[in-house]
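The active site, proton donor feature in TrEMBL is assigned to TYR54. Under the heading substrate binding site, TrEMBL lists HIS114. Taken from TrEMBL, the feature domain 'NADP-dependent oxidoreductase' covers 27-287. Annotation comment: TrEMBL describes LYS83 as site 'Lowers pKa of active site Tyr'.
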Amino acid sequence: MRNRMRMVRLNNGVKMPVVGFGTYSDDNDGEITQLAVRQALKMGYRHFDTAKIYGSEPALGKALTEAIADGVIQRKDVFVTSKLWSSDHHDPVSALKQTLDELGLDYIDMYLVHWPVKLKPGVNNPVPEESDFDDLDMENTWYWMEQCLAMGLCRCIGVSNFSTSKLQQLLCFATVPPAVNQVEMHPMWRQRKLREFCRRHRIHVSAYSPLGGPGNYWGSTAVVGHPVVKSIALKHDATPAQVALARGMSRGVSVIVKSFNQRRMKENIGAIEVELDEYDMLEIQRMEEWKIMRGEFLTNQTTSPYRTIQDLWDDEI
Ligand SMILES: NC(=O)C1=CN([C@@H]2O[C@H](COP(=O)(O)OP(=O)(O)OC[C@H]3O[C@@H](n4cnc5c(N)ncnc54)[C@H](OP(=O)(O)O)[C@@H]3O)[C@@H](O)[C@H]2O)C=CC1
Ligand SMILES: O=C1CO[C@H](CO)[C@@H](O)[C@@H]1O
């Protein structure tokens with residue numbers, strides 16, 4: 001196994017590994033996912049990210065259960081994140097119990113509200129129809145997220161895809177503040193405003209699509225193919241992906257990166273050892289910004305609480 005995984009301490013004292021292993025893939029092949037997770041464990045990954053909507057909970061669960069049974073890891077040494085899908089806002093406790101069944105675990109480490117969007121019960125389409133939207137009552141959703149925590153079904157609760165103002169509203173009624181906000185972040189979408197707000201309120205920012213999600217149906221090669229990122233990589237004898245990941249981690253952010261290819265999995269975890277200098281940081285700061293995951297599919301003029309992507313992300317897009 002590689003050297004010990006670096007950890008961040010969350011606002012509730014729980015420690016989370018800074019590199020997370022993403023399990024979203026467009027084709028969601030259970031056997032490939034299960035094998036990749038087993039390989040990832042061998043390489044030293046200790047944080048796994050899934051969601052009900054990915055369909056990857058069973059494969060992740062099988063790989064973890066097998067590794068625990070084989071004595072490769074103990075349950076307490078892995079950090080598992082999953083997410084409340086938008087059609088489960090009416091009953092987060094039952095949704096999390098279902099997630100635990102899928103994973104074959106007694107608890108998960110982190111449970112996130114996937115989007116600030118509520119869909120009607122039973123809608124499991126990642127790209128909802130206009131008639132699928134329901135009225136979001138985030139205070140009620142959060143109350144039940146807090147109950148999940150109180151019942152010991154998870155160790156931490158948090159959110160995902162929340163803008164600064166949506167976090168601000170949540171903090172007005174939260175008894176337990178979110179430990180994490182998982183959002184898109186990479187050298188071309190740097191989240192300066194959100195990171196500053198989260199720093200002040202002790203909410204940890206976790207970066208999804210830290211490479212820009214090349215190969216995903218919504219993703220792009222713009223980040224790993226960017227000449228600035230490539231030239232910094234050359235200078236450090238690193239790869240563009242390692243530069244993107246190292247830049248995220250140097251900003252106090254954790255990174256959730258997905259690869260099911262052994263070479264790239266090793267490359268990505270190796271980013272922990274890549275150190276960028278102030279000059280590299282300035283170069284990246286000067287890069288043009290582009291939000292790749294825009295979430296248009298969650299906006300519409302009639303039934304969504306967000307008519308436009310500006311309503312969804314507030315002034316952050
Ligand atoms: N909360 C949310 O709303 C969201 C959460 N997520 C989570 O974050 C995870 C990561 O985000 P994701 O969107 O997958 O994007 P990433 O930025 O991690 O990119 C993943 C893609 O990049 C390829 N790749 C991986 N490593 C390298 C490398 N070193 N060089 C070049 N290409 C590489 C992968 O292909 P290959 O497998 O062939 O290597 C895959 O196609 C997801 O799996 C999911 O768990 C993602 C999106 C939204
Ligand atoms: O995490 C994610 C990955 O894919 C989903 C769509 O298929 C997104 O909704 C999402 O935010």
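Here, residue 1 is simply the first one shown, and the rest follow in order.
Keep in mind that glycine also has a Cβ here, set from the backbone N, Cα and C atoms.
Unlike curated entries, TrEMBL annotations are predicted automatically.
Features recorded in TrEMBL, as mapped to the structure shown.
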residue : record                               : CB count, 10 Å
TYR54   : active site, proton donor            : 21
LYS83   : site 'Lowers pKa of active site Tyr' : 27
HIS114  : substrate binding site               : 21
> Do you know offhand how many angstrom separate TYR54 (active site, proton donor) and the residue listed as 'substrate binding site' by C-alpha?
Replying inline: 11
> How many Å separate the Cα atoms of LYS83 (site 'Lowers pKa of active site Tyr') and the residue listed as 'substrate binding site'?
Replying inline: 5
> Under a three-state reduction of DSSP output, how is LYS83 (site 'Lowers pKa of active site Tyr') classified: helix, strand, or coil?
Replying inline: strand
>> Under a three-state reading of DSSP, tell me whether the residue listed as 'active site, proton donor' is helix, strand or coil.
In response: helix
> Can you tell me the mean pLDDT for the domain 'NADP-dependent oxidoreductase' (27-287)?
Replying inline: 97
